[in-house]
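According to Swiss-Prot, the phosphoserine annotation covers 60, 90, 119, 129, 147, on the basis of similarity to another entry. Annotation comment: Swiss-Prot describes 147-169 as region 'Disordered'. What Swiss-Prot records for 20-23 is motif 'RFXV motif'. Positions annotated as topological domain 'Cytoplasmic' by Swiss-Prot, on the basis of a curator's inference: 1-177, 223-259, 324-327, 401-417, 631-1099. Annotated transmembrane segment per Swiss-Prot: 178-198, 202-222, 260-280, 303-323, 328-348, 380-400, 418-438, 551-571, 572-592, 610-630, in sequence order.
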């Protein structure tokens, strides 16, 4: 409610007996403006006694008008000085009270912000983003008070008026039903079927009044629990069309929804045939009585059924409005028929009816019929199985949820009331017919007996009839024998026949509409892509005409087959499977404890819903065990199919919520478990940047973390935080989606930082969750380090130092061509854009050539000129020109091949493990895990260790013993005894030439000059440093010679990473070590664990 200054608004109408604080807004006269600002009265407070329960405190605001406020702003007295502060505040408080939400960039809560894109209930509006209300305003931009916010809060929103008018037009054009016509009527018609008129009397005869009522109540319990679950799900958010399918799919996900939706739609389609055949059989019986058969009973049923289903199709195609009118008419007929039965029970019975077992209400008959009298082959559960389908139909209203004005209110109210009314009617009919009609009667008026003569002691005997011969020979009348008992008892028999017609036709019509609506919703979700054709709707109500035709074809086929006795149990089980899943959906959503599960309908319990699901499954087997098995098998195969296809939908199902809860519980439980070496697994940070830019680095890491460890692809955005955060946030979902699309079970994480090292340091400290915290850093080798800026080298080596500081293992991967293919991706993207533009240009020209009356070629060029279509040309500085000059395909071929080398099967070969230093076993564990993978399983492990020349055999035996205790299979062990000898002169000369540009050579200069150079270039390699680590430098050069000698042909080399002591070895010297160590080799993994055991030989 808005408070306008020009109108007088009083809030005195608010009930005062419940308020302790009341605000009275009283409009003052316009003359108050002329009096000046200082004359504005402050809020007036009226105190009341504490004994006054109606009001404790009243505040009366006396607002002025907008003109007064504008004049006040123009006076310039807006500064909050001591003299004016009170005046300013007392006056403008009123203004801000009236315009809250329109004087701030923040948007006030509106329903439009929470709609989905393309919502049928109204347009979606985007609220101002957090950046828009948080970032600094642009300079030299004048901001008028309140003007910046009118769009955000709905004033002057572009196209808003049009959208609202359009929404109103849509609402005016589409036919929407309330809870009575839309749900109550449909559910009652669907629940009241032919069972009410032709089977309920037989059920009372078999089970008796007592157990008959129990059967009705047990069936009602199943449907009532399902109704409660349906109501809870339907009130947990906006419900669209699709009925049971929509409720199940949005709760349990597309796998369950897609499988049950298809069989539910099919069951409704076949149910049309069942109801139509029931109608046709009744008509054929009437034709028999009048001797008016057309061909024979079977073919007459087919003819009448076909004509009937065509008429029903015509009513459905005419639109939901006509269908609803037909349902109302059928309900009226049905109610008259039921009332006709109850009236007939009090009309005195004649001799003919008495001979057929009807004696009006008799206590003796009630007592006799109260207990069961099951005939041969029948029992409680068999009778229950026959009655239960009569209680179904509770989803008839929910199935047209898209055509309801307010599904959240209509479905709970209409469904539960329909269950109650129909249950009362069933119980009433059962009790009445059981109190009026005996179980067996001959139908012969000659079976009367003289009063007082003892016969068989039955109730009929006491009423003057002897039906004892029915014990020895079959009789035609009575509850057990005559299916037309209700027609006999009723006041006017033909009305019961009309009721049967109404029950069958209304159920058939409801099933026809339900099948088409559910099927259309299923097809719209594109879960089964081949069925997309049936998703199209027509007219203002989006009528599924194609679905109607398909349902008609299915119904016609089963009418012509005329083998419904076989298919009927399966159809009943299909419905029960839907009920079971609806109950399980309600339980599952409650059990998942998702904050999004907050149904407005609170009369439900998750354990009751679970009991209902189990009860539905049990009833399925009670009705027909083989039909239940078939139902489960069909549903299972559809579930597997949908799971395999993985439809691209995200409905926030409870399955997703439970996955989160399960993961959270497991993660929390994991924190209580102490680390143990047997449970160690590599959990890796991988500095891939965008995962698509360094696929080879990700592939090799994923090879030893797949299904056994954690893999996080990390990217650091370096630069101004404002720009970096925007770029980072915009690409995170896309990069995670790339991992999913490429079936890589990994996570993507990104940070924004001022420098690369700070970003990685943040990742090293903060990534992971509890025990699921990465313990290994995987980085690519910096191939072009000699051309890189010094800061990049310092950051690169610093990252390795940081990892060791945090006790995290390090793996450096080197391949000959390098990892980064971002340039290739950029070129590919540019080429794709050019190709799209070229195709668009050709399509436009082709369209223009096809048009007539444009003056031939001249007209074509004129039109192209008007369209301003020109052949795109690349920019001067674009990557296209660069690639063209360097022959892009040939230039990048090796890089592209290298980027996919770890995706391929490696074939027979070796993984050479140079386990030179004991780091806890990570250098050995990673290659062992690789050999377990399908792509690496043909590669054998060859182990190389250092040793003494005079103890090679002993150390080889010791290593073999250790590996066998670790249960690691290996092909060979080599003990290298000459690691510490000096490398050859050529190798050492290459190393010296490589580090020459970075040496300080302070020994050749005087002391002052040397000290000055050290201060100016502290990053250079000093002679003292080089001399101190000369033996280590020899070792790196010598190791490369040994690697060239022994492992040149290996598929992969895993080598102990040398550690550079902080403060002793400069960054450039360390990079020189790594360069000379891995030069001219197959792919190399330099590995260094955190020196904590990752292998054990204890059980």
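Easy rule for this one: first residue shown is 1, then count along the chain.
Every residue, even glycine, has its Cβ placed from backbone N, Cα and C.
Long-range neighbours of the transmembrane segment (260-280) within the same chain, counting only residues 6 or more positions beyond its ends whose Cβ lies under 8 Å from a Cβ of the stretch, are 193-194, 242, 244-245, 248-249, 300-302, 304-305, 308-309, 312, 399, 500-501, 504-505, 507-508, 511-512, 514-515, 518-519, 521-522, 527-528, 550-551, 554-559, 562, 564, 567-568, 571, 574-575, 577-578, 581, 631, 634-635, 638.
Sorting the topological domain 'Cytoplasmic' (401-417) by DSSP state (H, G, I as helix; E, B as strand; all else coil) yields 14 helix, 1 strand, 2 coil.
Of the ranges 202-222, 303-323, 380-400, 418-438, 572-592, the one with the most Cβ pairs under 8 Å to the transmembrane segment (610-630) is 572-592.
The stretches the transmembrane segment (328-348) and the transmembrane segment (178-198) meet in space: the count of Cβ pairs below 8 angstroms, excluding pairs fewer than 6 apart in sequence, reaches at least three. Against the transmembrane segment (178-198), stretch 380-400 has more CB pairs under 8 A than any other of 303-323, 380-400, 418-438, 572-592. Stretch with the most C-beta contacts under 8 angstroms to the transmembrane segment (418-438), considering only 202-222, 303-323, 380-400, 572-592: 202-222. Here the listed stretches are 303-323, 380-400, 572-592, and the one with the most C-beta pairs under 8 angstroms to the transmembrane segment (202-222) is 380-400.
Sequence-distant contacts of the topological domain 'Cytoplasmic' (223-259) (same chain, at least 6 residues past either end, Cβ-Cβ under 8 Å): 120-121, 265, 391-392, 394-395, 398-404, 407-408, 411-412, 415-416, 419, 514, 517-518, 520-522, 525, 527-528, 542, 578-579, 581-589, 596-604, 608-609, 611-612, 615-616, 635-636, 638-639, 641-643, 647, 649, 651-656. Outside the topological domain 'Cytoplasmic' (401-417), and at least 6 residues removed from its termini, the chain residues within Cβ reach (under 8 Å) are 175-180, 182-184, 186-187, 224, 227-228, 230-231, 234-235, 238-243, 246, 320, 394-395, 517, 521, 541-542, 600-601. For the topological domain 'Cytoplasmic' (223-259), the number of residues in each DSSP class (helix H, G, I; strand E, B; coil) is 28 helix, 0 strand, 9 coil.
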